[in-house]
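*Asks:* Below: one structure in structure tokens.
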Amino acid sequence: MRQMIIAGNWKMHKTVSEAVSFVQELKQQVANTRVEVVVCPPFTALAPVAEALKGSSIALAAQNMHWENQGAFTGEISPLMLKEIGCKYVVLGHSERRQYFGETDETVNKKVKAALEHGLVPIVCVGETLAQREANATEQVVATQTRGALADLSPEQVAGLVIAYEPVWAIGTGKTASDQDAQQVNRYIRQVIAQEFGQSAAEAVRIQYGGSVKPGNARGLMSQPDIDGALVGGASLKVEDFKGIIENSL
Ligand SMILES: O=C[C@H](O)COP(=O)(O)O
């Protein structure tokens with residue numbers, strides 16, 4: 001049985017003081033949930049949020065990282081730095097990183113391997129653009145991205161990962177994939193993983209859906225058999241909305 005995982009990706013939102021007061025409220029509101037709750041603050045707020053989360057079951061994630069431990073890479077953050085702060089997860093290959101910052105399947109794969117070496121759990125994002133969906137290329141795109149990101153991994157490593165299927169056309173647009181469409185792609189990703197890494201890795205790996213998830217559509221999406229949680233953007237910025245999604249995911 002896969003535990004549901006709801007992660008709030010704050011993107012470039014919230015100062016340190018906003019982030020800390022948000023998690024202080026959130027941890028009280030979701031104290032007894034059976035869902036695994038994750039917050040992904042911007043880098044500046046990771047350490048103070050880690051401190052504020054002490055004693056809580058809410059896990060911490062970074063939104064990106066470099067694959068090297070250290071070096072002359074101005075503006076980058078390494079896995080060692082994230083691990084020391086207390087991050088459990090790291091979001092890798094988000095479509096905004098692919099679109100605006102030149103992320104490729106190859107760099108995502110380097111980052112996935114580096115994260116695993118340091119005991120960080122990658123949340124690997126895949127998903128097609130609107131043009132790709134309209135060209136009936138969704139399956140090809142998510143298969144290529146999944147195979148690329150997970151190249152050279154062992155079945156045991158893949159079993160412990162989280163994958164987030166996020167159709168690019170549904171991110172921040174208010175357009176959500178239908179429950180059936182999201183389920184169909186998540187099931188397809190699981191089939192690709194079964195082909196590459198075997199049935200038991202495919203059954204263990206958690207596959208989220210992301211793209212305009214809100215309290216009102218969470219129940220339908222999260223009740224699909226191959227959807228094991230959500231990667232939430234906009235609706236993770238308000239405690240009430242995020243809590244609503246968590247509650248509606250069970
Ligand atoms: O990482 C989160 C996704 O990009 C979804 O963002 P959204 O919920 O604002 O559409």
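Using N, Cα and C of the backbone, Cβ positions are placed for all residues, glycine too.
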*Asks:* Looking at TrEMBL, which one out of Gly55, Gly160, Gly172 binds substrate in the same site as Asn9, Trp10, Lys11, Ser212, Gly233, Gly234?
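*Replies:* Looking through Gly55, Gly160, Gly172, the residue TrEMBL assigns to the substrate site is Gly172.
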*Asks:* Counting across all protein chains present, how many other Cβ atoms fall within 10 Å of the Cβ of Lys11 (substrate binding site)?
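*Replies:* Excluding its own Cβ, Lys11 (substrate binding site) sees 19 Cβ atoms within 10 Å.
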*Asks:* Where does Asn9 (substrate binding site) sit in the DSSP three-state scheme?
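*Replies:* In three-state terms, Asn9 (substrate binding site) counts as strand.
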*Asks:* Taking the mean position of the Cβ atoms of Asn9, Trp10, Lys11, Gly172, Ser212, Gly233, Gly234 as the substrate site, which residues outside that list, in the same chain, have a Cβ no more than 8 Å away, listed in sequence order?
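*Replies:* Along the chain, the qualifying residues are Ile171, Val232, Ala235, Ser236, Leu237.
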*Asks:* Other Cβ atoms within 10 Å is the metric here; tell me which of the binding-site residues Gly172, Gly233, Gly234 scores highest.
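*Replies:* Result of the Cβ crowding comparison: Gly233.
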*Asks:* Rounded to the nearest Å, what's the C-alpha distance separating His94 (active site, electrophile) and Glu166 (active site, proton acceptor)? Just drop the number here, would you?
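*Replies:* So the alpha carbons of His94 (active site, electrophile) and Glu166 (active site, proton acceptor) sit roughly 8 Å from each other.
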